[in-house]
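Asker: Annotations per TrEMBL:
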type	residues	note
COMPBIAS	234-259	compositional bias 'Basic and acidic residues'
COMPBIAS	271-288	compositional bias 'Basic and acidic residues'
DOMAIN	125-223	domain 'P-type ATPase A'
DOMAIN	1037-1071	domain 'Plasma membrane calcium transporting P-type ATPase C-terminal'
TRANSMEM	312-333	transmembrane segment
TRANSMEM	353-379	transmembrane segment
TRANSMEM	789-810	transmembrane segment
TRANSMEM	866-883	transmembrane segment
TRANSMEM	903-920	transmembrane segment
TRANSMEM	941-962	transmembrane segment
TRANSMEM	974-995	transmembrane segment
Amino acid sequence: MGDMANNSVAYTGVKNAVKEANHGDFGVTLAELRSLMELRATDALHKIQECYGDVQGICTKLKTSPNEVCGSVNVGEEEEESEAGWIEGAAILLSVVCVVLVTAFNDWSKEKQFRGLQSRIEQEQKFTVIRGGQVIQIPVADIIVGDIAQVKYGDLLPADGILIQGNDLKIDESSLTGESDHVKKSLDRDPMLLSGTHVMEGSGRMVVTAVGVNSQTGIIFTLLGAGGDEEEKEKEKEKKDKKSKKQDGAVENRNKAKAQDGAAMEMQPLKSEDGVDGDEKDKKRANLPKKEKSVLQGKLTKLAVQIGKAGLLMSAITVIILVLYFVIDTFWVQKRPWLAECTPIYIQYFVKFFIIGVTVLVVAVPEGLPLAVTISLAYSVKKMMKDNNLVRHLDACETMGNATAICSDKTGTLTMNRMTVVQAYINEKHYKKIPEPEAIPEKIMGYLVTGISVNCAYTSKILPPEKEGGLPRHVGNKTECALLGLLLDLKRDYQDVRNEIPEEKLHKVYTFNSVRKSMSTVLKNSDGSFRIFSKGASEIVLKKCFKILSANGEPKVFRPRDRDDIVKTVIEPMASEGLRTICLAFRDFPAGEPEPEWDNENDIVTGLTCIAVVGIEDPVRPEVPDAIKKCQRAGITVRMVTGDNINTARAIALKCGILNPGEDFLCLEGKDFNRRIRNEKGEIEQERIDKIWPKLRVLARSSPTDKHTLVKGIIDSTVFDQRQVVAVTGDGTNDGPALKKADVGFAMGIAGTDVAKEASDIILTDDNFTSIVKAVMWGRNVYDSISKFLQFQLTVNVVAVIVAFTGACITQDSPLKAVQMLWVNLIMDTLASLALATEPPTEALLLRKPYGRNKPLISRTMMKNILGHAFYQLVVVFTLLFAGERIFDIDSGRNAPLHAPPSEHYTIVFNTFVMMQLFNEINARKIHGERNVFEGIFNNAIFCAIVLGTFVVQIIIVQFGGKPFSCSELSIEQWLWSVFLGMGTLLWGQLISTIPTSRLKFLKEAGHGTQKEEIPEEELAEDVEEIDHAERELRRGQILWFRGLNRIQTQMDVVNAFQSGSTIQGALRRQPSIASQHHDVTNISTPTHVVFSSTTASTTPAHPVPSSICVQRVI
């Protein structure tokens, strides 16, 4: 089987067991089976009886053992991109190799982690089928239509089927429908079994009717972007039929996913809102810039272009001034003639001037910037794995730092997904917490232990945790497991009672159903008497109670007035807190009386004696309220979107801190939400959504479509200046569309289905909301790490460019030689990016609001630091340059001949310059004006190692570098002066911190996001969400020199794209969701700088790299 078969559990493997071409071999077609499986309950029964007679009729038509299996979806591996042969110069090549290797290694390790998460399921998932009369276990990928499959408790159904025989079979269909209640399956009521659902009780057999992409889960998976070839013909025909018709309203097409040589995919719209043909729209879109998903990448690209412009201008001016000065001085002032024999010497001078100019340019262009981004993301992804965040798409890590809203599930994310008894009314006391065993009289404890042990289904049990340190596993009915858990909390073992009274010894069982809302079990005692234990909804069972156990364990009269008191003082307070109340009771039938008529239930389950009333809830995870407070403090709004009832949802929201008493926020049910956002025609209006979502905090009884509508409405809203960045959590197959639509989709690693994981950006391996908060911290840390590096990088750049420019213009030679510049620029930038990009996050990151999409990368505080430190360094360097020989009593290095040996003078200038950068690296650790730049420095071992390592290498270069590095050995005294002047940057930094930024109005910010007014109107199409202004500038061809920088970025992204292209989920990074098919038309593009062609699997960079780039790389 192909990769896809290995990647999934419930819906992959065989694409279609009945090929389109072979429908004639069977008495039923693929289309008929698919339409049948879309029906539910009685509708399905009528269809089966009408068309096939019964289930056996379907089996007959399927011949139950078809001998042909369709091929699987094979995803081929792409070859590596051809070598970038145009890059010359070992130093620059090394930079590119570093970027590519770090990115490739990071992608490989990330994919390995993701595969490891599912490897157990993928490799071990087998299913029991009956073939040739033999019961065998086969991989789920080998199941075919017509197989007779055995289903039992705990199974995840891998295919759709129809029940043939069942024993009390109950299915959890919440992954498909969102309904948490178990659905009872029977031949006469609802025989339809669906893939991706869990068997919660009972056992049975089914005939398989749909597998792979034709199963119900597979169909959703197809719509999410992994559709099989059989969908294409139908959709092409649909396209032709609709070509001449004009659509009313916005219709989101069902995109076809077309495998390109088994590697890349391109989404092709069928029809747009205005009736323009999809192909024409594609041509139009081809002329538009790509979506730039990552806010940070867009800002960095734009900033790099701005820096590059300045660098190009400075380098050009440097070369022009040097050439003019040389020509005027030589041929005009000194009036020397141009001698033919001197031509080689003149050419050498011109080459020297050109190299100086290129050196200025190289220093100006921050090659370390892409590396810093890559290292920061790679480091964050690795560390986030330890914080239970498995990042599947790198840009999601950074985007999470800008998140302004989180739409979270309730069950399992905010709560523990474990029904638990949290309150109890026993021996006439209302315990707000589970009482100690000693507080309950032994007589009452005996009734409680026996009653719960035998009057819960024996299939309900609590098993030891799978992993050491984990929570015990609840098996069977969740409410019954809560009651069994109460016994364990009371230090009693229910299994001892069950061993003493096995299931076959139970005299009579009245099982729970929706009518009686209670369960009762009759025991026959050894003396011939009977005792019945009953449990159920408190309002039902209490009405049947005539007695209640008193504080000493003896029954006493229970009047209607007493019942009303308990309802008001116990049951209603419990219900208001979102608890489900259960009443436990019993009744004795004396031995001397004739045996009761057990079938007359109304006479049996009455006259009960109340033992206790317990309140059950799915408790909030203890760490969640604090995590939500952190989110709110960080400017992030948390909303709960759940399928549970509104009272429970509101109670949980209050406990979590999503709602606070006295606040003016909305709690809506799905029906009310839909009524408010739709107009008279039933169409969703953004204006109506905008009136609701800012105050909405809880959306209860919501469908998957409601969740998607809410997420889309928040993202598309223009109520606030900043576009909202929305994160969404989901675990079910039905959450896939909302996860796709969100800026960052979180899937549950434990409870999540494969479809949810495929649609997500980050997988929470512990299903815990606090892990989302950690993701926010890491995302913000990435942003700050890049800003720290920029502050350091730009200080180096400003000083180096001005020193090289001024020195060259005054002395006709750069004080910092080309090789020294490369050491400063390449090695120190690379090491600095590693040092500053690996700072661990702190809680302080959550004390500020999100930066937003238009917040500049370089704040005014950072600009103050950059210019302030640059001023100090320039003063020191120029003092040494023009007065250093007198200060140190050495020979001057200025105006040296063309091939003069290295001078001590210029070596001191170079060494002091490097020392200042080394100590300024410590200053760069703080970007918000903090004074203590050493805080937490020892928490980052990498930083400490790099600073010390750089210092050691600098000693080696100066003392032993010689002519290659244009260095001369220095004395101890000269070294101490260099270190002292370098340490001065730390003291100078304190002086800069005392200057209030608010007073420096003249300082400008830099690195803004793209402003809306910068984008031409024709490019503000409905289907282009974000346009990268910097990319468009590059496309104009005005700045050829700086496409090398873009090429470095492309190298990173190509590796990422190839890696992503080897899986379905990578190629379909942001495909539109199925739930908004009638609401929006979305253009699809991959999140990388790679264009996937519809006719070839090759990749091309976002912009062609001109041959002139080699000039830049000659250095």
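Yeah, the Cβs are placed from backbone N, Cα and C, and that goes for glycine too.
Remember, TrEMBL labels are computer predictions, not curated facts.
Give me the local environment of each listed feature.
Answerer: Long-range Cβ contacts of the transmembrane segment (312-333) within its own chain (Cβ-Cβ under 8 Å, at least 6 residues beyond either end) map to 349-350, 353-354, 356-358, 360-361, 364, 801, 804-805, 808-809, 812, 1039, 1041-1042.
Distant neighbours of the transmembrane segment (941-962): 823, 827-828, 831-832, 834-836, 838-839, 902, 907, 910-911, 914-915, 918, 921-922, 925, 969-970; these residues of the same chain sit at least 6 beyond its ends, with a Cβ under 8 Å from one of its Cβ atoms.
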Asker: Give residue numbers and ranges for long-range contacts of the transmembrane segment (789-810): same chain, 6 or more residues beyond its ends, CB-CB under 8 A.
Answerer: 303, 307, 311, 314, 317-318, 321-322, 325, 353, 356, 359-360, 363-364, 366, 368-369, 372, 376, 816, 821, 824-825, 828-829, 832-833, 836-837, 857-858, 862, 865-867, 869-870, 873-874, 877-878, 881, 913, 917, 920-921, 924, 927, 1007
Asker: State the mean pLDDT for the domain 'P-type ATPase A' (125-223).
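Answerer: Result for the domain 'P-type ATPase A' (125-223): average pLDDT 82.
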Asker: Can you break down the domain 'P-type ATPase A' (125-223) into helix, strand and coil residue counts using DSSP?
Answerer: 18 helix, 51 strand, 30 coil
